């Protein structure tokens, strides 16, 4: 892809999300999301292979369906209330339709089935954009509407945590595993959104930090399959140490950064007299922890394959800047002791 076209698409991605963030009108927010969708589609299809075209087509149809539902629900809300204000959704039917349309856009269970298949057809950089940046605008709208009845958020959250853990069990493709990881982490964010919006914001920020670090590691080693993890020691030896720690942080093990949002969410749910819900969420997260441990085992404790002479991957100088990966990896591993400081900065 020509650099000028690529730059225009990246700017359009930023413009679409910024437009949604700055909107208080449903139609402008919808336009921002559409700009986002139309900008990422050429990035998905830039590799002219059948798998990428199939993933792009699936993504387009799913996003078009969700956008049509969102536009219908927002028009219905404007018809019933007489205004287009995003924060004014008093009717249960319209707020539920809007929530489900946005859940389909970001891939929350049970509207998640497109996410792993689309991720599998993309390269790692586009998959990173889909897993992080493309979630921000719909999550902002979900953050704004917050229906009076939190049951729909609780149901979407618990179901997403379960599906995100269960779906990644037998996967060997790293992009599908990362897709199910995304579903599970968004489930934690949606689960707590009704009770503590700042905590939901902290959860999505730490998720983006950890996901960026992991995708950067896989891009550096050009790894897309679980069997390829065993050769990481020959490409970038330091990643044999750092990447398993990032994986365990995604799983939420202490004393790593990923433990922070889960710990605070379980504490908040207990304060809200929802101890059974907290217990169910904690037990469901063990499913996700299993495949993170599986990836860590494949990367560190398995013997490297006996490659014939001349086929061992050489330790070449990386073609892209590794400083962002180093910073995010350090943050992914070491931020837990700063929990009191982070909590003091957010309006809990």
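The backbone N, Cα and C atoms fix where each Cβ goes, and this holds for glycine too.
Since the structure is predicted, the reported quantities are computational estimates derived from the model, not experimental observations.
Per TrEMBL, the feature domain 'NADH:quinone oxidoreductase/Mrp antiporter transmembrane' maps to 23-287. Annotation comment: TrEMBL describes 289-343 as domain 'NADH dehydrogenase subunit 2 C-terminal'. Positions annotated as transmembrane segment by TrEMBL: 57-79, 91-111, 123-146, 152-170, 177-195, 201-221, 233-253, 273-293.
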Discussion item. Can you see whether the transmembrane segment (91-111) and the transmembrane segment (177-195) are touching - at least 3 CB pairs under 8 angstroms, only pairs 6 or more apart in sequence?
Written reply: yes
Practice prompt. Check the transmembrane segment (152-170) against each of 57-79, 123-146, 177-195, 201-221 and return whichever range has the most CB pairs under 8 Å.
Written response: 177-195
Fill in: Intrachain residues whose Cβ lies under 8 Å of the transmembrane segment (123-146), provided they are six or more past its termini
13, 16-17, 20-21, 29, 32-33, 36, 40, 43-44, 46-47, 52, 86-87, 89, 95, 98-99, 102-103, 105-106, 175, 178-179, 182, 186, 189-190, 193-194, 197, 200-201, 204, 208, 211-212, 215-216, 218-219, 224
Worksheet item: Is the transmembrane segment (57-79) packed against any residues at least 6 beyond its ends, judged by a Cβ distance under 8 Å, and which are they?
Response: 26-27, 30, 33-34, 37, 40-41, 44, 88-89, 91, 93-95, 97-98, 100-102, 104-105, 114, 117-118
Discussion item. Give the nonlocal contacts of the transmembrane segment (273-293) in its own chain as ranges (CB under 8 Å, at least six residues past its ends).
Written reply: 154, 157-158, 161-162, 164-166, 168-169, 171, 177, 180-181, 184, 188, 191, 247-248, 250-253, 262, 265-266
